[in-house]
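Student: Residues annotated as active site, proton acceptor in Swiss-Prot, with sequence analysis given as evidence: Lys204. Swiss-Prot lists Gly10, Ser11, Gly12, Asn13, Trp14, Gly15, Ala153, Arg269, Lys296, Gln298 with the feature NAD(+) binding site, giving similarity to another entry as the kind of evidence. Swiss-Prot lists Lys120, Arg269, Asn270 with the feature substrate binding site, giving similarity to another entry as the kind of evidence. Residues or ranges marked as phosphoserine by Swiss-Prot on the basis of similarity to another entry: Ser154. The feature N6-succinyllysine is assigned by Swiss-Prot to Lys289, with similarity to another entry given as support. Residues annotated as phosphotyrosine in Swiss-Prot, with similarity to another entry given as evidence: Tyr326.
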Amino acid sequence: MASKKVCIVGSGNWGSAIAKIVGGNAAQLAQFDPRVTMWVFEEDIGGKKLTEIINTQHENVKYLPGHKLPPNVVAVPDVVQAAADADILIFVVPHQFIGKICDQLKGHLKANATGISLIKGVDEGPNGLKLISEVIGEHLGIPMSVLMGANIASEVADEKFCETTIGCKDPAQGQLLKELMQTPNFRITVVQEVDTVEICGALKNVVAVGAGFCDGLGFGDNTKAAVIRLGLMEMIAFAKLFRSGPVSSATFLESCGVADLITTCYGGRNRKVAEAFARTGKSIEQLEKELLNGQKLQGPETARELHSILQHKGLVDKFPLFMAVYKVCYEGQPVGEFIRCLQNHPEHM
């Protein structure tokens, strides 16, 4: 069997952390081509191109400083060139940009290429919810899997132990992806319920914004635990409403579900920015620049898409926590009123 060529589409914080793992495994395992391409959105860093820095210093000095990438990971500034020969495409870019990237890649991929999305977000489709893996799969005509879990990028790059979940309908492909990405400290469970895995990954960012509001307003651990639990209830209810396939509670107990929700509500960037938003009154855009090096926040954007989907279906009242996050972020509702969505939650009625 010819060795599989791998391309990582994206090179931010999470993309670079995954490149470290994938590059290391591809160099050692016969089933993969050792040369891993990584598409890098070209930027100028102190008069040098970011791709040149990565290819000479083997470090993404902007998005994952202090971590060496394997020398077999090659940064490529042209996405079509990076992906042209790939058998496996790993998508890891902010979900706002995926449509444009797919437009560029369309018609330029290998006939039997497959993809895996690490992107946490949802899109609006004609029938309401559209998952990012569906957007990619339909645009490019390739089968898609997903990887979601309690994986804060800096900790993964530090090789601290964590778990993750791959959702893949084809068991053989799931096993291949596990071989490509598993390490002693990055442990993978493969499940077949792809949709539920991906919904968990998208919706937890909205809950984390609520958790950050909680922290910024000075509420305690009990309140935050309530945000996490009520958020999980809304995630499960949303999945059951919008997915045609099975939605089992067991999937919510995998790393992609409750574990990712907990870590994001305590350690993720959505929580951090939401806390600063509640404390300072600065805009989300301003805080992205100050706290995230200009990287985009997924939680508020996902809340906006959820609002549109739920409004279309007349179900806004059934998801008070999701909608409270939307109202604070986009409709100018005072953040101090966030607690009301908890006090009047239908779970207690």
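Positions of Cβ are set from backbone N, Cα and C atoms, glycine also.
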Student: Counting all other Cβ atoms within 10 Å across every protein chain shown, which of the recorded positions Ser154, Asn270 scores highest?
Tutor: Asn270
Student: Using C-alpha positions only, work out which of the recorded positions Lys204, Arg269, Lys296 is nearest to the residue listed as 'phosphoserine'.
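Tutor: Nearest listed residue in space: Arg269.
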Student: Taking the mean position of the Cβ atoms of Lys120, Arg269, Asn270 as the substrate site, which residues outside that list, in the same chain, have a Cβ no more than 8 Å away, listed in sequence order?
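Tutor: The surrounding set, listed in chain order, is Asn205, Ala208, Thr264, Gly268, Arg271, Leu297, Gln298, Gly299.
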Student: If you run the three-state DSSP split on Trp14 (NAD(+) binding site), which class comes out?
Tutor: helix
Student: Filter the recorded positions Trp14, Lys204, Lys296, Tyr326 down to the ones within 10 angstroms of Lys120 (substrate binding site), Cα to Cα, kept in sequence order.
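Tutor: Correct set: Lys204.
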Student: Name the residue among the binding-site residues Gly10, Gly12 whose Cβ has the smallest number of other Cβ atoms within 10 Å.
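Tutor: Relative to the other binding-site residues in Gly10, Gly12, Gly12 has the fewest Cβ atoms within 10 Å.
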Student: Of Lys120, Lys204, Arg269, Lys289, which of the recorded positions has the most Cβ neighbours inside 10 Å?
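Tutor: Its Cβ has the most other Cβ atoms within 10 Å: Lys204.
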Student: How many angstrom lie between the most widely spaced Cα atoms of the substrate binders Lys120, Arg269, Asn270?
Tutor: 13
Student: Across all the protein chains here, work out how many other Cβ atoms are within 10 Å of the Cβ of Ala153 (NAD(+) binding site).
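Tutor: The Cβ of Ala153 (NAD(+) binding site) has 20 Cβ neighbours within 10 Å.
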Student: Please report the DSSP secondary structure of Lys204 (active site, proton acceptor), reduced to three states.
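Tutor: It is helical.
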